[in-house]
Amino acid sequence: MNLLNLPKIELHCHLDGSLRVETAIELAKKEGVKLDSYEYDKVKELLVIPKECNSLEDYLNRFALPVKLLQRAENLERVAFELMEDASKENVKYIEIRFAPLLHLEKGMTQKEVIESVIKGIRKAEELYDIKGNLILSCLRHHSIDSVYEVIEEGKNFIGKGVVAIDLAGGELEGFVKPYEEVMKLARESGFRVTIHAGETGYGKNVRDAIELLGAERIGHGLFIFNDEEAYNLVKEKGVTLEMCPKSNIDTKGVNKYEDHPIYKYHKDNIRVNLSTDNRTVSNINLTEEFENVHKTFNIDFEDYKKIYLNSVEASFCSEELKEKLKLSIII
């Protein structure tokens, strides 16, 4: 299989974890952000996961610089465009980019301006490249519940205009789900589709709760459903798609190596999986490389690839019309 040339669907990709190093250097200089060095390798060290990373919390520290740099509309528009451009060059046909609007208000932008600027970057790339994109609005679990209401209130105006879903992200604690039940009900009623980061750091029950209490249609990671039989069966029976990011899980010590990752076992047991990068820069990987690693480790064949692709199309939050077009890309 020529994995680079095959069409791909990316459903789990964070904007602020996927900046080009060159762009970070340019923006740091432009914004007057003081760094010890502006040399490529030194700046890359600030953005890419260190070898001694021990946890998800360590991993999340790589977002400090990108958030500082993305406080102006033109910067957000640029990095959204560049992420789309990078993805298009490896035949990603559709991508759902996620980010937290409330992290980008430090220099006076409104949430509306923040969301508009990212959508603008996506649309500009769509005009130039064979790729389509939509936006998922992430809310951070260490912020207040009120902040989720704020995101829903502003974001609902963009449903069908570039925004498709809402997400809960950040550090994961056992039993985090219950307090979000009411606000996620409002999100669904407001037109948001729902994907939730859960089961990334050892708590399979969080996945079950995210589906049953929050109405999650997809789960970000879902790695640890193997340690909760009810969660495992629920994901399988309901056809909930797991957005799986093996390199990221290795980086955060969810698993130690590709051989230990359950993605192939889940796939073979007819659990729907999507393969994504999570954070292209932080994890220092693109989607083709991620597929190559999974291919080498588990010897997946074209039928496996095709099934993952078509499951990913079905799980996407794009229009039915676009889904039909995307399906045609893999019919050989």
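Cβ coordinates are placed from backbone N, Cα and C, and glycine is handled just like the others.
Site annotation (Swiss-Prot): Zn(2+) is bound by H12, H14, D278, and the candidate from H104, H142, H197 recorded at this site is H197.
Using G170 (substrate binding site) as the reference Cα, a 10 A cut-off selects H197 from the binding-site residues H12, H14, H197, D278.
The secondary structure of E200 (active site, proton donor), as reduced to three states from DSSP, is coil rather than helix or strand. For D278 (Zn(2+) binding site), the number of other Cβ atoms no farther than 10 Å from its own Cβ, over all displayed protein chains, is 29.
According to its DSSP assignment, G170 (substrate binding site) is coil. Of the recorded residues, H221 (site 'Important for catalytic activity') and D16 (substrate binding site) place their C-alpha atoms 18 Å from one another. For the recorded site, D16 (substrate binding site), the DSSP three-state label reads helix. For E200 (active site, proton donor), other Cβ atoms within 10 Å of its Cβ number 24.
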